[in-house]
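Not my notes, these are from TrEMBL:
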COMPBIAS  955-970  compositional bias 'Acidic residues'
DOMAIN    307-600  domain 'ABC transmembrane type-1'
DOMAIN    676-916  domain 'ABC transporter'
DOMAIN    999-1271  domain 'ABC transmembrane type-1'
DOMAIN    1310-1544  domain 'ABC transporter'
REGION    947-971  region 'Disordered'
TRANSMEM  32-51  transmembrane segment
TRANSMEM  72-93  transmembrane segment
TRANSMEM  105-123  transmembrane segment
TRANSMEM  165-184  transmembrane segment
TRANSMEM  306-326  transmembrane segment
TRANSMEM  350-367  transmembrane segment
TRANSMEM  427-451  transmembrane segment
TRANSMEM  457-476  transmembrane segment
TRANSMEM  535-563  transmembrane segment
TRANSMEM  575-599  transmembrane segment
TRANSMEM  986-1003  transmembrane segment
TRANSMEM  1117-1147  transmembrane segment
Amino acid sequence: MRLAFCGNDNASAYNISAGVLRNVCFVDALNLVPHVFLLFITFPILFIGWGSQSSKVQIHHNTWLHFPGHNLRWILTFTLLFVHVCEIAEGIVSDTQMKSRHLHLFLPAIMGFVAATVSIVYYHNIETSNFPKLLLALFLYWIMAFVTKTIKLVRYCQDGVPFSQLRFCITGIMVILYGLLMAVEINVIRVRRYVFFMNPQKVKPPEDLQDLGVRFLQPFVNLLSKATYWWMNTLIISAHKKPVDLKAIGKLPIAMRALTNYVCLKEAYEEQKKKVADQPNRSPSIWLAMYSAFGRPILLSSTFRYLADLLGFAGPLCISGIVQGFQNTTNNTNTTEKDPSNSYLSSEEFLRNVYVLAVLLFLALILQRTFLQASYYVTTETGINLRGALLAMIYNKILRLSTSNLSMGEMTLGQINNLVAIETNQLMWFLFLCPNLWAMPVQIIMGVILLYNLLGVSALVGAAVIVLLAPIQYFIATKLAEAQKSTLDYSTERLKKTNEILKGIKLLKLYAWEHIFCTSVEETRMKELTSLKTFALHTSLSIFMNAAIPIAAVLATFVTYAYTNDKPLQPAQAFASLSLFHILVTPLFLLSTVVRFAVKAIISVQKLNEFLLSDEIGDDSWRGGDSSVAYESCKKHTGLHTKAINRRQPLRYQLESYEQPTRKQTRPVEIDDIAIKVTNGYFSWGSGLATLSNINIRIPTGQMTMIVGQVGCGKSSLLLAILGEMQTLEGKVHWSNVNETESSFEAPRSRNRYSVAYAAQKPWLLNATVEENIIFGSPFNKQRYKAVTDACSLQPDIDLLPFGDQTEIGERGINLSGGQRQRICVARALYQNTNIVFLDDPFSALDIHLSDHLMQEGILKFLQEDKRTLVLVTHKLQYLPHADWIIAMKDGMVLREGTLKDIQNKDIELYEHWKTLMNRQDQELEKDMEADQTTLERKTLRRAMYPRESKSQLEDEDEEEEEEEDEDDNMSTVLRLRTKMPWKTCWRYLTSGGFFLLFLMIFSKLLKHSVIVAIDYWLATWTSMDNANETYHVAVFSILSGAGIVLCLITSLTVEWMGLTAAKNLHHNLLNKIILGPIRFFDMTPLGLILNRFSADTNIIDQHIPPTLESLTRSTLLCLSAIGMISYATPWFLVALVPLGIAFYFIQKYFRVASKDLQELDDSTQLPLLCHFSETAEGLTTIRAFRHEARFKQRMLELTDTNNIAYLFLSAANRWLEVRTDYLGACIVLTAAVTSITEGPNSGFVGLGLLYALTITNYLNWVVRNLADLEVQMGAVKKVHSFLNMESENYDGYLDPSQVPKDWPQEGEIKIENLCVRYENNLKPVLKHVKAYIKPGQKVGICGRTGSGKSSLSLAFFRMVDIFDGRIVIDGIDISKLPLHTLRSRLSIILQDPILFSGSIRFNLDPECKCTDDRLWEALEIAQLKNMVKSLPGGLDAMVTEGGENFSVGQRQLFCLARAFVRKSSILIMDEATASIDMATENILQKVVMTAFADRTVVTIAHRVHTILTADLVIVMKRGNILEYDTPENLLSQEDGIFASFVRADM
């Protein structure tokens, strides 16, 4: 067949007798001209001009300027391309009905398609390089195309072509499109004036793009890149080379920052407040505020959602059309040839063509998926914006909360944390699901209508099944939430117990009580597992309903149809309705989730509203004297102009140069220089009752004022009242202005008068480094910093910390003792450059040396030199002589005020009272001098820090897993590691559930999917038969469906059951492994790290892995069975599958790595945000006193934005993946459709292939998402396993427990023979060849400096350390031969740190419940605790709180003594037991040891030498060797002996 442009079967093709424009072929040729013109002009420009520039565009994204009408142009071009495709298709279909090829029918259309594509590429390049002059070429093209198309349209009108003909419609639409594009082009000229105008307009790119830190480009890229997330490619591919960190994701664009959104929401909320201002019983609506702030994007997202849902119905309709068409073509093969002169197609004929339908289906799918992802993206972005705004609102409110609210318990810290962590997230999730609320009903109604059209009444039966079963789904969902809550309660309890075990692990091991505590945790775990079982049951029911309902609905429909209709079921009907049922089921299931979230969101909004309307602190403009006005004006826009009130004080030396001269002048001028005056003040804590009444005081400038009085008389309240934290009932607090003598120029330079340095009674630390805690936002000045740390004697403590003053402290950092925390808080107050310093009882947690040092260096020297006004609350009356002014308080009133002299003259009684108290304090001091608390605190700190190795472990817990690969640590191996799925860990997880369950799961899964495939296969054969036996087919169909439903239930149950068993076994093994671990492990591993395994990781294993695993196996098997089914029907499909498979492999490979990193970033940025909130709520008074609100707000906004950008990138990455997998799915549908149309055996299998291809599109992205999730979750299993490979202590001895005498050790004789001890076999020995002999009943004292091996010796008795040479023989038995449990249960020890467990007193003394009550009372009596315990409610059954917090340290130590006495053992070891207690308790202890333990061998390791002066034998150790070994008398007589020098130093 020869090719000719106008065809060669028509003689009149080249006839132009009726005029050139009357010839159809000529007009078509004319249409080619503009397209060819455009290609000629643009190709050289594109290839030559942009070759050099295109690379630049990628790097500097600051040239992305959108020309006016940018989005409209993209939409119009896409529509144009679609119309061109229709034109090509129409031309080709018309051409197939001719005798010869007519190129003019489709060639111009193809050229038009190419030209339209080039036009948009060209435009994009011009736009990115901002060179608008070149747009003229496009302008000319649109004009020419418009003209030629109009000519064609006019020609059709003249020929009287009817409107129903497709070609006429297409031409008409094109004329409109070209016209619109021309208008867009004219508009660009009008706005940018790049041609025809004298002065072209200069434009700047958006602010975000000038900042290279902004990496989130979604709002700025063109429409195509927006829809396909093309701009994410660079990030996702670079994740492969190096992990994504915060630098890689940059910062948020301005429009999405928390501040921008906060301003929007705040304004909307204020509007609502105004509306209800005159109606006192109505509260402003947060819903309306949210709607007015974020309504537009929600509407946009809903529009996208509607479009996607409507396009979703193209699938079933196209299936029905294709199957129908296929049936018709196989039935009648003869086609009629058309006359070339009348070659017009009508729309119906066009749409009957199967290939056309296949292409339409492909396009509809691509569009539908693009719209759906766009809808998801917009809601996610809006949800994140809303969350940012809400967090900022909550934070601003926290900063203004009245203190009484917090202290009176109306607003607990827990509630605030919940608002931040839970309620804002609930609202965010509600927003994500919100478009579903109105999209679902439309989807359901449309679906039911279409079903009714296909199948008539029987469709309603199926729909009814779905609708009736949906409420059950809702019921299951509510039950799930309940089960989750009870699980949470149990796991909290289990964690509390585990935490106690880990804290007291040393004691448990020494007393051989591990198993008792272990069983207690196991009991709680069993309860937790029971509620996990209900959780698992409901989860599996929910999964079962999801899978079974469509099967049931289809079964009901088709059976009804078979028996009610005369006509047999056609494949077209069957498969279209099947695919409709799949569409219908989704919204009905989501509905239950959405309803649940809606209910939660309503509750969350109520809580939020209550919080936002709660009491605020009074407006404190008065504290600033004159500056209040300026401050107020800034306050309205706190966020926007943080710089205005970022009050960074100038450096100290500048101030001194300004301040000193003026000070000297002012002293004589104003004798009565008062900083603060309170007149007639009545203050309350919000209850309306005055806590402080009739307060009239003044605080002199530049002097030290002391406030004294008994506990609870209102000293701290007075400070807070002055700071404005209390409610003022009447009276006022007056703060004097800046010294009047200073000129206005110097005034602002003076110290910041309005900020008060305040150290609260309860020390409050930030989660930051020590240095940041002290500097607290002021500029760093080395000299000053050193002076302050020395004054608070912090240097020795700082030296102990692993990273010096750069060590993190606070909630998540290293735990410091009370005294250390208090000194840091005082240092913070001293360091700040403020005129006024308030110290609230700074000496309470300090011992006497420190208090004196702080008083002398810090207060008298540092503060007084600076002439700062100091208000000091204290109980230490011995400092009264230093005070310039004294305020004595009693019962919320001022008793006296004046100098010490005044009080001595006027109120002798009070002065005498003070004097007696001072004497008493002085005596206490003498006692105190010996109990040096600080060295102790430092010692504890050193112990906590002791394992230097833990440093490296804190830095990266995952190092241990990568040790094997460390040898060749080059890039490639690291990359291989990051892209590899942790299959080994998965296998470990699966097998920990037991092989039987694993086999059952795999078998039932495979069986279920085979049955489901069989159901559809049967349907295909049944409907394809012309004269089918109804009853037989229906029966088989019903049996298969029933089996499928049962199998769905079985599989969902086995997966959950397997997950539970695995969780149970893993936790059990972990707990036992850790409890039996060597003590060295606990010294080296931070407690938080071990606890994490029991909390976060166990939670993932319990609740997250099973559903992920279920979902992963289900989607994978669905995709595989679908591919198998299509390939079975049309083997050619496999060929097309190869490139798609490769593409899919690379997409998932790249996505998983990036997703994992982004997930980790999201998790790691969330914690600091939550911590910042809780820490602000705790330190409110301090922040407000310092006036640092603005700085803290700024920090909160930064943290919120950091978390939001991580979350945004994570959701954008998910969209990136889904768009790509959806497009792949669409390609699969297209190939499946084309192959089955050309190769398909019968219409039933065509339908089946298409149906399965459509399911693949839904499940492909789930495969990847679940894979990525599983990879992250398997990390938890990996971490747990890293602990399971740890060495345990060797609990078995050579002797059987039965061979050891019942009453061993009876005598208590100890022989130490040549003993060598080390902590681990790769470490140096700590004891070297120690020899000693202790007679039964002797009292032995061991002393030596820190690190001399005293404690190691005590641990050696219990085999807590590795004895590698020599031996210890007790009563004739070598202890290394004994089972550990037997050995440890027969000896007693009292440790330095007294440890009590939560439970009853009885449980603490005798957890094994072996002793009678009399024995316990006797022990308590010996420890002088009997009367105290008797007075408690419940006596022996009185409760001890966690860690024994409800008893003093001394009492706790006495309980430990009683505990040692209860265990009747003839050997007692005291390891520095008196170190942490006061003199009185120590005397009791010494007495008891002498009397109650008279007949037992007592080994005392001494902290203070005078405690062992009465011993029978003293051993002095140094560096693991014994230096002196004799009675104390003999040793003291050696003047130059070590022991003698110790005693002299201690006196």
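Glycine is treated like the rest: Cβ placed from N, Cα and C.
Bear in mind that TrEMBL entries carry predicted annotations, made automatically and left uncurated.
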Restricting to CB pairs under 8 Å, which listed stretch, 32-51, 165-184, 535-563, is in contact most with the transmembrane segment (72-93)?
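Out of the listed stretches, 165-184 contacts the transmembrane segment (72-93) most.
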Within the same chain, where does the transmembrane segment (105-123) have neighbours whose Cβ lies under 8 angstroms from its own Cβ atoms, ignoring anything closer than 6 residues to its ends? I mean 6 or more beyond.
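Same-chain contacts beyond the flanks: 5, 28-29, 31-32, 34-36, 38-39, 42-43, 45-46, 73-74, 77, 80-81, 84-85, 87-88, 91-92, 94-95, 134-135, 137-138, 141, 145, 343.
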At a C-beta cut-off of under 8 Å, are there same-chain residues at least 6 beyond the transmembrane segment (306-326) that contact it? List them, or none.
351-354, 357-358, 360-361, 364-365, 367-369, 371-372, 375, 439, 442-443, 446-447, 450, 454, 570-573, 575-577, 579-580, 583, 1233, 1237, 1240, 1243, 1246-1247, 1250-1251, 1254
The transmembrane segment (32-51): which same-chain residues, six or more beyond its ends, come within Cβ distance under 8 Å?
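Distant Cβ neighbours of the transmembrane segment (32-51) are 107-108, 111-112, 114-115, 118-119, 121-122, 125, 129, 134, 137-138, 140-141, 144-145, 148.
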Taking only the residues in the domain 'ABC transporter' (1310-1544), give me the average pLDDT of this model.
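Looking only at the domain 'ABC transporter' (1310-1544), pLDDT averages out to 82.
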List, by number or range, the same-chain residues at least 6 past the transmembrane segment (427-451) whose CB is under 8 A from its CB atoms?
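For the transmembrane segment (427-451), the sequence-distant neighbours (Cβ-Cβ under 8 Å, at least 6 residues beyond its ends) are 290, 294, 298, 301-302, 305-306, 309-310, 312-313, 316-317, 375-376, 379-380, 382-384, 386-387, 390, 459-460, 462-463, 577, 580-581, 583-584, 587-588, 590-591, 593-594, 597-598, 600-601, 604-605, 608.
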Most CB pairs under 8 Å with the transmembrane segment (535-563): which of 457-476, 575-599, 1117-1147?
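Out of the listed stretches, 457-476 contacts the transmembrane segment (535-563) most.
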What residues elsewhere in the chain lie close to the transmembrane segment (575-599), defined as a C-beta under 8 angstroms and at least 6 residues from its ends?
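Answer is 312-313, 315-317, 319-320, 323, 426, 429-430, 433, 436-437, 439-440, 443-444, 447-448, 450-451, 454-455, 459, 462-463, 466-467, 470, 473-474, 476-478, 481, 545-546, 549-550, 553-554, 557, 1016, 1019-1020, 1247-1248, 1250-1251, 1254-1255, 1258.
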